């Protein structure tokens, strides 16, 4: 005899009299994406700014209207100077970042894999990393001259240290169980590094890229403010000296867009390389 | 190929974990290693496969591994140890890539072991897409791919739920019937030990010593049907272990 057949235990579908719903206490603490909010905030800010300038609440000397900055930007583009500035900046940024990153990956792997290398490299990195590399710029100018080399060297130096730290941290973070598995299948040391440690360290290396890229942009502008004819930093500096705030705002906006582009590119790279996550 | 441990002792940071352990793992038989937690079962297994060296004593192998064996001593790990960035196929391939095999040979081996473990439809799935049981099947397929002489299994079913464990026990039994590999199977689950072990080595609590070696003289294929007889073996093993387990449970961990 099943329990349901017992008298008084008939399945009840209607709630008993006096029954009340259990109060809901869960939910929240989980932000969900709201696509339209971000652009809306930007649009509102720019609209307020533009309106403020037109009404005369914001003096054009203190802060030019967005439309004036846009005007300055299109003048720059039409005169052909934009391409020159961008080309100079991008070439410094790309050279400095790529060489700094390659060097950083090599040294970071050495520190991650070999005890001797680690014992030598880690204290050195700890000592050099906190130095603001801008402070070393005069020294680089003495060493490499006022031209491109000193600017590239500053960016290279600035990206090298965070990359070393990210890489050896990433190598340390690779699951030792996976390394032991590789050894248990008789994989060569080189195979273990290439097929287990490198991909395992990739998430940390890529987040290191984000940091080193933003450091590279900061250093780019700083380096271009000393003795550069072209480059976004030089453009911003000149605009400031001439009190041409519309050009200044246009230059700063370019830097923001440069930063966003770099971060978008790294995001794409992460999506592609870390598909397995 | 037979494996043997002779008078193995070991210390970790001055704490004695294993004392004078000797036993043999003959070819074609499954030796189960049971004991309370912390008694050094997994350490012993690492000695057997040469992943770690004991302070004292010897680990030896006698006889040649069967022809075509690529990796005679092959592990199956509790946490599966699959590369998360490689598909099932890629994970099996990893174990073969350092051997001189043509691309075709490699693909044939992979297809064969995938079929034998019932994974043919999951060849391109990434580990994160697979259930625990499927992940361990991939790890078993990877182990079979290198044609081991002796499988070293470190609690291979402990990370799985009990239903999956039951299914995989059947799989392992079926595989053994066909391949007749030798194996050392570390577990804390006595039901697994009596289902798969031809021999059960019972270790004491730390420092681990061989308490007793129990022979279970019943063909693997009959064990599921003769559960009542196995129950007797299991009870006996539990009696051997009970006090050790209780004492081990009350120890304060200091390693």
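All residue numbers here begin at 1 and follow the chain in the order shown.
For all residues, glycine too, the Cβ spot is worked out from N, Cα and C.
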Exercise for review: Among A:55-77, A:124-146, indicate the range for which TrEMBL gives the feature transmembrane segment.
Suggested key: A:124-146
Exercise for review: Using TrEMBL as the reference, determine which range in A:152-171, A:172-191 is annotated transmembrane segment.
Suggested key: A:152-171
Review point. Should the transmembrane segment (A:152-171) and the transmembrane segment (A:96-117) be scored as in contact, given a threshold of at least 3 Cβ pairs under 8 Å and pairs 6 or more apart?
Key: yes
Point to revise | Long-range environment of the transmembrane segment (A:248-267) - Cβ separation under 8 angstroms, sequence gap at least 6 | key: 63-64, 66, 69-70, 72-73, 76, 86, 89, 93, 206, 209-210, 213-214, 217, 221, 232, 235-236, 239-240
**Study point:** Residues from the same chain, set at least six apart from the ends of the transmembrane segment (A:96-117), whose C-beta lies under 8 A from its own
**Key:** 125, 151-168, 170-172, 193, 197, 201, 205, 208-209, 212-213, 216, 219-220
Check your understanding: Hey, which bits of the same chain come close to the transmembrane segment (A:204-228), Cβ under 8 Å, at least six residues off its ends?
Key -> 88-89, 92-93, 96-97, 100-101, 104-105, 133-134, 137, 141, 146, 150-151, 154-155, 158-159, 162-163, 165-167, 169-170, 173, 234, 236-237, 255, 258-259, 262-263, 266, 269-270, 273-274
